[in-house]
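**Student:** Here's a structure for you.
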């Protein structure tokens with residue numbers, strides 16, 4: 001393996017270690033022992049859930065290519081996953097609010113384990129089924145667990161400020177440290193030990209099974225609005241009414257869609273971007289390096305959120321702007337460095353520059369996750385939290401499906417340029433969110449009023 005990869009990984013590791021070890025009392029929030037036990041339990045489960053997801057990350061594209069599918073075929077498989085998340089995500093989110101968030105988390109484990117099993121088949125239809133199951137699981141991963149956490153946190157009477165502690169720690173571990181270990185372990189299984197690219201998926205299924213056992217034994221159930229009088233359509237209408245009535249919730253949804261859409265497009269494109277001529281690159285090690293950057297970002301986020309005077313709504317403008325610049329690098333590098341036509345070999349100079357930019361982008365992702373979680377906990381109403389969060393994923397999945405469907409129509413650099421534009425738009429919308437939040441010092445949503453208005457409308461329709 002080239003020295004360059006070690007230098008990048010070692011440099012990021014050193015910076016991350018300094019960031020963590022140099023924290024002072026100003027960078028930490030004092031909490032109780034009961035809260036710490038609750039936090040540790042959730043972070044353990046979340047880490048196992050994310051490990052099951054991250055183990056698959058470096059080898060999804062590679063496995064499909066080893067089965068003989070080209071970029072267009074692989075793009076359609078990815079579209080199936082995002083399309084499944086779009087079609088079924090809101091339904092499973094509403095069921096989580098109504099039938100229980102714990103049940104939804106268990107459903108995530110079962111669904112994703114089945115998705116991992118399908119990777120043993122080289123049949124396109126079986127792989128397509130796996131992507132559909134994976135799309136459903138992804139919707140649950142990014143809604144049910146957070147919804148359960150916020151509801152359980154409030155039910156136990158913990159300080160609302162302490163939520164940021166869990167968010168930053170969960171992302172530091174689950175989206176950082178665990179992702180790094182998962183990438184290295186996946187590389188060990190698939191390459192060093194020679195078990196092949198399907199081995200990481202088997203390991204992921206085992207980790208998901210362990211996490212499910214912990215959930216079954218230690219988590220209590222909680223709900224959004226368990227009222228039997230409300231069917232799924234009524235829940236959808238209530239969630240849509242909350243989004244339409246509150247500009248901040250609508251802005252959050254737009255920002256999340258723009259950023260995550262760019263992020264998921266990046267997940268698909270980073271492999272061909274770094275090896276456009278089939279250069280020999282260590283997928284697992286590069287993945288671990290990117291996740292180390294994400295961990296560094298979450299460490300920065302924990303410091304930022306510990307300072308009450310520094311508002312999340314403010315610094316996220318800068319994060320989105322930096323993200324926009326980093327995804328412009330593939331386009332910029334094409335102007336200054338002529339693309340090589342030589343097949344194989346090691347990573348090019350342009351690839352090295354892009355990898356450094358991708359590391360900065362991953363650091364921005366590390367800041368994004370806990371910061372967005374904090375904003376969602378402040379502004380999204382509890383009664384329909386999972387439903388609204390999955391509503392946010394509808395435009396996200398439409399955007400990604402459109403990008404992937406046209407993956408062969410544009411050069412990779414142009415697609416990165418499009419993502420950069422969307423990230424700049426997210427920065428502009430974040431500015432608007434900050435202005436609206438400052439204008440309305442009180443909580444921007446009034447879910448009780450919305451429910452009463454909805455009930456009055458139902459009574460009126462009954463009378464008519």
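Any Cβ shown, glycine's included, is placed from N, Cα and C.
Heads up, TrEMBL stuff is auto-annotated, nobody curated it.
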**Student:** Given 373-389, 390-406, 407-423, which one carries TrEMBL's transmembrane segment label?
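**Tutor:** Going through 373-389, 390-406, 407-423 one by one, TrEMBL flags 390-406 as transmembrane segment.
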**Student:** For the transmembrane segment entry in TrEMBL, name the matching range from 128-150, 220-242.
**Tutor:** 128-150
**Student:** Can you dig out which of the ranges 198-219, 440-461 TrEMBL describes as transmembrane segment?
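**Tutor:** My reading of TrEMBL: the transmembrane segment range is 198-219.
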**Student:** Using a Cβ cut-off of under 8 Å, list the residues of the same chain at least 6 residues beyond the transmembrane segment (162-186) that approach it.
**Tutor:** 29, 31, 35, 39, 42-43, 46-47, 49-51, 54-59, 149-150, 153, 199-200, 203, 284-285, 287-288, 291-292, 294-299, 301-302, 305-306, 365-366, 369-370, 373-374, 377
**Student:** For the transmembrane segment (6-22), could you work out the same-chain residues 6 or more beyond its ends whose Cβ comes under 8 Å from its Cβ atoms?
**Tutor:** 285, 288-289, 292-293, 295-296, 299-300, 303, 355-356, 359
**Student:** Report the listed stretch (198-219, 285-306, 347-369, 390-406) having the maximum count of Cβ pairs within less than 8 Å of the transmembrane segment (74-93).
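**Tutor:** Between the stretches 198-219, 285-306, 347-369, 390-406, 390-406 has the largest tally.
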**Student:** Which residues of the chain, 6 or more past the ends of the transmembrane segment (198-219), have a CB below 8 A from one of its CBs?
**Tutor:** 41, 44-45, 48-49, 51-53, 55-56, 58-59, 63, 102, 105-106, 109-110, 112-113, 116-117, 119-120, 148, 152, 185-186, 189-190
**Student:** Residues of the same chain, at least six outside the transmembrane segment (128-150), with any C-beta under 8 angstroms of its C-beta?
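**Tutor:** That would be 42, 45-46, 49, 53, 77-78, 80-86, 88-89, 92-93, 96-97, 101-102, 104-105, 107-108, 111-112, 114-119, 163, 166, 219, 222, 224, 373, 376-377, 382, 385-386, 389-390, 393.
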